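Beneath this line is the structure, given in structure tokens, with notes to follow.
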Amino acid sequence: MSIEVRNVSKRFNSFQALNAINLDINSGELVALLGPSGCGKTTLLRIIAGLETPDQGNIVFHGEDVSGHDVRDRNVGFVFQHYALFRHMSVFDNVAFGLRMKPKGERPSESKIAEKVHELLNMVQLDWLSDRYPEQLSGGQRQRIALARALAVEPKVLLLDEPFGALDAKVRKELRRWLARLHEDINLTSVFVTHDQEEAMEVADRIVVMNKGVIEQIGSPGEVYDQPANDFVYHFLGDSNRLALSEGHHVLFRPHEVSLSRHETEGHHAAEVRDIRPLGATTRVTLKVEGQSELIEAEVVKDHDSLTGLARGETLFFRPKVWQKVADI
């Protein structure tokens, strides 16, 4: 099921949430809408679902304009950040709910419903919890049950609104890897909203970077990271440094893309060591370049030669190994 977003705009009073958005999502693709709070990503997801109405523009599913269709007629599965499970129902009944609510002529028999529910619970690896209640589950388990419930009605499109946002970091990492594997198995056109760059990079086939109601860049994780369209995309997709040049330009580079030396070396810049911070396998060194207010951060392996006996206040020499040259604004 392909999705086309055509010239979609949405305003809430004086706030322009979306401004002439155009986006094509291929059938079977997993796309991340990535951006900071207030960028319009959740509004766009809700418009695709039919939960919000655009002021202008169209939503097309597989060649059919569904802009005037009610959310119930779009056949989408929606997974919210906070699970939205029915607390008074067992896991089994939560997953079965959508099937039991179908019109009488479309409703499967109870035996078919039971078969489908157990199939989905096995798929999310939680069939052994079928008789439990939501409060007896961990956050990660609840979110997997919410996903199984969304898939029970066999939607054409799966939409996920920050599905892992309410979970702790370790569970989030496990679940996003699980979701990527699951998507490979079910091959269902899916769109998920996130503000977590690492999550988008790890899970999505393509990333749509949004800011202030517009799309800044669309591309594969590798494309948006290695070939950012502008300063905003570069900074939003990871830690970054800015080094001013004398000819009205500056260069952008990542902390892990820095060469360090204790000795003055050709092509290296002198800087004062302001902080040395061990981070496990790596160490972050914060540097101050004379004449520049912005600090430079470098991350190197913890046993790097330049770190031996290094102390704050000393002079260290650095060189960006990979950089992007940008004109000053």
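Glycine too: its Cβ is placed from the backbone N, Cα and C atoms.
Residues or ranges marked as ATP binding site by Swiss-Prot on the basis of sequence analysis: G35, P36, S37, G38, C39, G40, K41, T42. Within its own chain, P36 (ATP binding site) has H195, N211, F236 as residues 6 or more apart in sequence whose C-beta sits under 8 angstroms from its own. DSSP gives P36 (ATP binding site) a coil state; it is part of no helix or strand.
Annotation comment: Swiss-Prot describes 3-237 as domain 'ABC transporter', evidence class sequence analysis.
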Three-state secondary structure, K41 (ATP binding site) (per DSSP): helix
Other C-beta atoms that fall within 10 angstroms of the C-beta of G40 (ATP binding site): 25
Cβ within 8 Å of the mean position of the Cβ atoms of G35, P36, S37, G38, C39, G40, K41, T42: remaining residues of the chain near ATP: H195, M210, N211
Residue with minimal Cβ packing [other Cβ atoms within 10 Å] among the binding-site residues G35, S37, K41, T42: S37
Nonlocal neighbours by CB distance (under 8 Å) for G38 (ATP binding site), same chain, sequence gap 6 or more: K212
Listed in sequence order, residues with CB under 8 A of C39 (ATP binding site) and six or more positions away: M210, N211, K212, G213
